[in-house]
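Chemist: After the structure tokens below, expect a handful of questions from me.
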Amino acid sequence: MLPTVFIVSDGTGITAETFAHSILSQFDQKFRLVRVPFVDSLDKAYATVEKINEAAVHDGRRAIVFTTLVDSESNDIVKRSNALVLDMFQRFVEPLEQELELKSSHAMGRGHQNADTEEYKTRIEAINFSLAHDDGQSNRNLSEADVILVGVSRSGKTPTSLYLAMQYGVKAANYPLIPEDFERGKLPSALAAYSEKLFGLSIDPQRLSEIRNERRPGSKYAAPENCRYEINEAEAMMRREGIKWLSSTHKSIEEIATTILQEIRLDRQSY
């Protein structure tokens, strides 16, 4: 029986879930994850306790609960459940209150009240930019890009571009390197003026073949020998052009994005 882990939040639960994944990944154990977002009333807190207790009875062991509930009364209710409750909010807020000699607002959703701020607008603009400049579909306003990702098809450019835009407000374009570029031995002409904005993504040829076979099974596009050729040529071109690059094979989107931000020295963040 897999241990049941509850992610309990008065908001979306994204913060709690991200933290929980980081902690749980340290253990060689699979878990059953149950997300309980928007617990913003006492009634919902009591209903959550019922779910947790039912899971404990079913599993024959205490559940594990990661909570970011701001309301202390709701938090106290959840803490009375048959579970190991890891209160992420209080764990950090109380020491900060002591250190800063200030009381926190304890207001629900405080981290999402900036919907009309410049940061939010910047993020929306970045998302629209990344969508418009996905896979080289537009060369307009490339000068506005914070970074232009290059690499062969299916090397992770699109999800990385969108993650950079959504999470950090980074205007990330992406451009595919194709066999015609390798035959010419040059980058696409549209990128020539933006060499300082380029960052490359590569990938293990075998993994690339597997991904491409999901899209076009049995095609030359997905053939292992073609994938090896494209990767070898792309990496040679990036070295020749002095483009910083990394392999996306064993990295998460979060790791790739963080590395890119460090390499291009962009200090932009949306909250």
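Indices start at 1 and increase along the chain as displayed.
Quick reminder: no glycine exception, Cβ is built from N, Cα and C everywhere.
According to Swiss-Prot, the record shows the following:
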BINDING   Gly151, Val152, Ser153, Arg154, Ser155, Gly156, Lys157, Thr158  ADP binding site
Chemist: Radius 10 Å, atoms counted are CB only; among the binding-site residues Ser153, Ser155, Thr158, which position scores highest?
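Modeler: Result of the Cβ crowding comparison: Ser155.
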Chemist: Provide the three-state secondary structure of Thr158 (ADP binding site) computed with DSSP.
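Modeler: Going by the DSSP assignment, Thr158 (ADP binding site) falls within a helical segment, counted as helix.
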Chemist: Looking only at Arg154, Lys157, the binding-site residues on record, which one has the least crowded Cβ, with the fewest other Cβ atoms within 10 Å?
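Modeler: If we count Cβ atoms within 10 Å for the binding-site residues Arg154, Lys157, the smallest count is at Arg154.
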Chemist: Find, among the binding-site residues listed as Gly151, Gly156, the one whose Cβ has the highest number of other Cβ atoms within 10 Å in the structure shown.
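Modeler: Selected residue: Gly151.
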Chemist: Relative to the mean position of the Cβ atoms of Gly151, Val152, Ser153, Arg154, Ser155, Gly156, Lys157, Thr158, the recorded ADP site, which additional same-chain residues have Cβ within 8 Å?
Modeler: Asn174, Pro176, Leu201, Ile203, Ser248
Chemist: Using a 10 Å radius around its CB, how many other CB atoms surround Val152 (ADP binding site)?
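Modeler: If we count other Cβ atoms within 10 Å of Val152 (ADP binding site), we arrive at 27.
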